[in-house]
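What follows is a single structure, written as structure tokens, with notes after it.
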Amino acid sequence: MPEVVPNFSNSVKLKYVKLGYQYLVNHILIFLFVPIMVGVTIEVLRLGPEELLSIWNSLHFDLLQILCSSFLIIFIATVYFMSKPRSIYLVDYSCYKAPVTCRVPFSTFMEHSRLILKDNPKSVEFQMRILERSGLGEETCLPPAIHYIPPTPTMEAARGEAEVVIFSTIDDLMKKTGLKPKDIDILIVNCSLFSPTPSLSAMVVNKYKLRSNIKSYNLSGMGCSAGLISIDLARDLLQVHPNSNALVVSTEIITPNYYKGSERAMLLPNCLFRMGGAAILLSNKRRDRYRAKYRLMHVVRTHKGADDKAFRCVFEQEDPQGKVGINLSKDLMVIAGEALKSNITTIGPLVLPASEQLLFLLTFISRKIFNHKLKPYIPDFKQAFEHFCIHAGGRAVIDELQKNLQLSAEHVEASRMTLHRFGNTSSSSLWYEMSYIEAKGRMKKGDRVWQIAFGSGFKCNSAVWKCNRTIKTPTDGPWQDCIDRYPVHIPEIVKI
């Protein structure tokens, strides 16, 4: 039998070929200029002292030229430093951890569903199927008002949940950072579905007796991506207010939003959303760069609200019986994919190395000119980031992003484990994921983190952070008592 021709892909380490290509393209300027500089240096060394002296003497300088040149250099340097954006630092953050009394195991959740929907067994069965495939664990928490049969979503109960979640996270953050209420210059609170009067931001001002000239903002109705919108707003404010601190609070109040009807598309949020919240301290003070955990590099926001389907894919409405809930469209994942594609198109040039951008450009040109059926090149974002924090909106969201971005199981581990332990905590889920990476001792100096969030409207928002210092494994935080048990295996279906 003739010898089989060896497979090139098996006989050559293509991985190292790709690494060589990336190194060459990313350092092309060094490879070009170093030989030139070496050649110039050699030629200079060949010249004798007399030749060098004659060259120096041939250069004529007068006082006016020197003064003009000096003034021009100083002017250009001043304009550069004055126009350069201020660095925004994330000093520290804190995540809410609900007490064990709020825990909702699967058995408890299903028992309540059977009692509340006793006249609609099909809806109970539907919720059970969703819960079995949700990726949630047995330790997620719901507020006390939802534990009653039937639930009692009163305004007083909703305010009580807001006070517990928000005040607990702010107290913990103040303890970590030594922050005092008088040091807070900017306050931003985001909560999508609970918007009382006075606002939640006013509630914080009243509780901590903040200054009368504080710049406070309350964002509502902006969905699970509102946390990064708050970060973007804080960044813009810190650019125009020097020497300031910004406190950002991200949460979702579950109490008034528990759906008690039987519409399947509106029962989904009951199965996925859980208690949670986070408080983040941002600063533009130079002295904070030494103690800050991260530096904000980029924020990219994409809004698809001009499209009717995208606008209505996450929609608060009444069902035929007049009960209010959130309707999740079947087109949600398709719309999320389109929003992500637009967001990636914007953020790619900001973060991807030259090698990936060149490959993407060549593939794009080839598809436009030669072959429209050519498979588009998906940039390798693993070259740009060490850590990924994907909004823990549900198992399907994480699966889709892992597939589209070609990420490994380790890259999405923080998102899956956050969904398992805490459920979908809306805009605060990104901070539970960041805390997971820190609790595992994986965050090193210089590491880059990509936070990706989706929200109603429909929006896809991204934030890029760079780690300022190697972060020691924390002894507190939401993962304190369970990090040793994670990661855990999450089966496709958990039989209840």
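Placed from the backbone N, Cα and C atoms, the Cβ positions cover glycine too.
In TrEMBL this protein carries:
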TRANSMEM  20-42  transmembrane segment
TRANSMEM  63-82  transmembrane segment
DOMAIN    80-368  domain 'FAE'
ACT_SITE  Cys224  active site
ACT_SITE  His303  active site
DOMAIN    386-466  domain 'Beta-ketoacyl-[acyl-carrier-protein] synthase III C-terminal'
ACT_SITE  His387  active site
ACT_SITE  His391  active site
ACT_SITE  His420  active site
ACT_SITE  Asn424  active site
Identify which of the active-site residues His303, His391 has its Cβ surrounded by the largest number of other Cβ atoms within 10 Å, counting every protein chain shown.
His391
Here's one to test understanding: among the active-site residues Cys224, His387, His391, His420, Asn424, whose C-alpha is closest in space to the C-alpha of His303 (active site)?
Cys224
Using DSSP, how many residues in the domain 'Beta-ketoacyl-[acyl-carrier-protein] synthase III C-terminal' (386-466) fall into helix, strand and coil?
34 helix, 21 strand, 26 coil
Cα distance, Asn424 (active site) to Cys224 (active site), nearest Å?
9
Mind giving me a neighbour count for Cys224 (active site)? Other Cβ atoms within 10 Å of its Cβ, every protein chain shown.
28
My understanding is the cutoff is Cβ-Cβ under 8 Å with a sequence separation of 6 or more in the same chain; which residues meet that for His420 (active site)?
Gly135, Leu136, Gly137, Val488, Ile490
Set of same-chain residues at least 6 away whose C-beta sits under 8 angstroms from His387 (active site):
His411, Ala414, Ile437, Arg442, Met443, Asp447, Arg448, Val449, Trp450
Enter the number of other CB atoms within 10 angstroms of the CB of Asn424 (active site).
25
